[in-house]
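Single-structure report; data block below.
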Amino acid sequence: MGSGISSESKESAKRSKELEKKLQEDAERDARTVKLLLLGAGESGKSTIVKQMKIIHKNGYSKQECMEFKAVVYSNTLQSILAIVKAMTTLGIDYVNPRSREDQQLLLSMANTLEDGDMTPQLAEIIKRLWGDPGIQACFERASEYQLNDSAAYYLNDLDRLTAPGYVPNEQDVLHSRVKTTGIIETQFSFKDLNFRMFDVGGQRSERKKWIHCFEGVTCIIFCAALSAYDMVLVEDEEVNRMHESLHLFNSICNHKYFATTSIVLFLNKKDLFQEKVTKVHLSICFPEYTGPNTFEDAGNYIKNQFLDLNLKKEDKEIYSHMTCATDTQNVKFVFDAVTDIIIKENLKDCGLF
């Protein structure tokens, strides 16, 4: 009888030890789990950052996965040329080449013929000819006056490669592709002995109400803002400047009670497009009070300070900022490495080890 009790208590002690070990393992795993929330207005580059995480931390895109983007690449290319053609009328710009008017009619009649994600050689030739028209180029230069994908020139300048037989999208083609994010997309990966759970949330106004579900237990927020959007308006409200919307959104996030103890990193994205644009369009179009030089450094720093000045708790909370180009893998790799070090440092601070 006594031996029965003894073996029972041994069994119970063993179970207790196993449970203790499991709880310890769970606690360690939780301590190493980083919940990253990607926030920002629509078309600020959040989804491109997620794609970069797959390239940098998850062995990239297989040939099969790249092939799945072929239809998106063609759709983005077609939507871009259609947007420019439509804007020709709105902005009152004339074609230069005599054939372009006829090509426009052909394009509009063939616009629904992207069957099985392929582009016919005839459609490709029409798009190529139109893109080569100086009138279209003049209209493209005024892209901030209508809605046009950032990737328009990237694809339209490379139509020969994109429409060659046997074309398979490469990683740059995938990074430049644009599909509106609806809902919440989670990506998991490991880096520097941490397990990351990254959440990409749709940025358009209609999507933002879904963010609330992600707020609990967030380690770090990466807020993306497009530097190049200073002379553009929202897709969903053409009365609102995109940069002003981004600042308004950042203000509500960085000063939100939910995020009082959350690390916040600001990605001032699309620095490549900004560098190109700032030589042509003065920053005062967005910030009338700005009288400084219209250089990448001066205008870029001014925008950065507009965001950082919104932080009402500067003495308690530091906001880290980086200028980024989300389509540049090396740049994102370097910046994300720095972000991870910030997360590690903040975690050690929380544990009293820093």
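A Cβ is built for glycine as well, from the same backbone N, Cα and C atoms used for every other residue.
In this structure, Ser44 (GTP binding site) belongs to neither helix nor strand by DSSP; it is coil. Residues annotated as GTP binding site in Swiss-Prot, with similarity to another entry given as evidence: 40-47, 175-181, 200-204, 269-272, Ala326.
Marked as Mg(2+) binding site by Swiss-Prot: Ser47, Thr181. Other Cβ atoms within 10 Å of the Cβ of Thr181 (Mg(2+) binding site) number 19 in total over all chains. In the three-state DSSP reading, Thr181 (Mg(2+) binding site) counts as coil.
According to Swiss-Prot, the compositional bias 'Basic and acidic residues' annotation covers 8-27. Long-range neighbours of the compositional bias 'Basic and acidic residues' (8-27) within the same chain, counting only residues 6 or more positions beyond its ends whose Cβ lies under 8 Å from a Cβ of the stretch, are absent.
In the predicted structure, the domain 'G-alpha' (32-354) carries a mean pLDDT of 91. The domain 'G-alpha' annotation in Swiss-Prot covers 32-354.
The feature N-myristoyl glycine is assigned by Swiss-Prot to Gly2.
Residues or ranges marked as region 'Disordered' by Swiss-Prot: 1-27.
The region 'G1 motif' annotation in Swiss-Prot covers 35-48 and is backed by sequence analysis. When Cβ-Cβ distances below 8 Å are used as the criterion, the region 'G1 motif' (35-48) is approached by residues 150, 175, 178-181, 185, 196-205, 207, 211, 214-215, 217-226, 229, 234-236, 242, 245-246, 249, 253, 267, 269-270, 324, 326-327 of the same chain, each at least six residues removed from its ends.
Residues annotated as region 'G2 motif' in Swiss-Prot, with sequence analysis given as evidence: 173-181.
Summarising the annotation, Swiss-Prot assigns region 'G3 motif' to 196-205 and lists sequence analysis as the type of evidence.
Within its own chain, the region 'G4 motif' (265-272) is flanked in space by residues 40, 44-45, 49, 150, 220-229, 250, 296, 300, 303-304, 307-308, 319-328, 335, 339, 342, which lie at least six positions past its ends and keep a Cβ under 8 Å from the stretch. According to Swiss-Prot, the region 'G4 motif' annotation covers 265-272.
What Swiss-Prot records for 324-329 is region 'G5 motif', and it gives sequence analysis as the kind of evidence. Note on the region 'G5 motif' (324-329): residues 45, 48-49, 52, 55-56, 171-172, 175-176, 224, 267-272, 335 of its chain, located 6 or more positions outside it, place their CB under 8 angstroms from a CB of the stretch.
Long-range contacts of the region 'G2 motif' (173-181) within the same chain, counting only residues at least 6 positions beyond its ends with a Cβ under 8 Å from a Cβ of the stretch, are 42-43, 46-48, 51-52, 55, 61, 66, 69, 72-73, 76, 149-151, 154-155, 162, 200-204, 207, 326-327, 329. Comparing Val179 (GTP binding site) with Ser47 (Mg(2+) binding site), their Cα atoms are 9 Å apart once rounded. According to DSSP, Ala326 (GTP binding site) is assigned to coil rather than to any helix or strand. Applying DSSP to the region 'G4 motif' (265-272) sorts its residues as follows: 2 helix, 5 strand, 1 coil. Taking the binding-site residues Leu175, Val179, Val201, Ala326 in turn, the residue surrounded by the fewest other Cβ atoms inside 10 Å of its Cβ turns out to be Val179. Rounded to a whole number, the distance between the Cα atoms of Ser47 (Mg(2+) binding site) and Leu175 (GTP binding site) is 9 Å. The separation of Gly40 (GTP binding site) from Thr181 (Mg(2+) binding site), Cα to Cα, is 12 Å.
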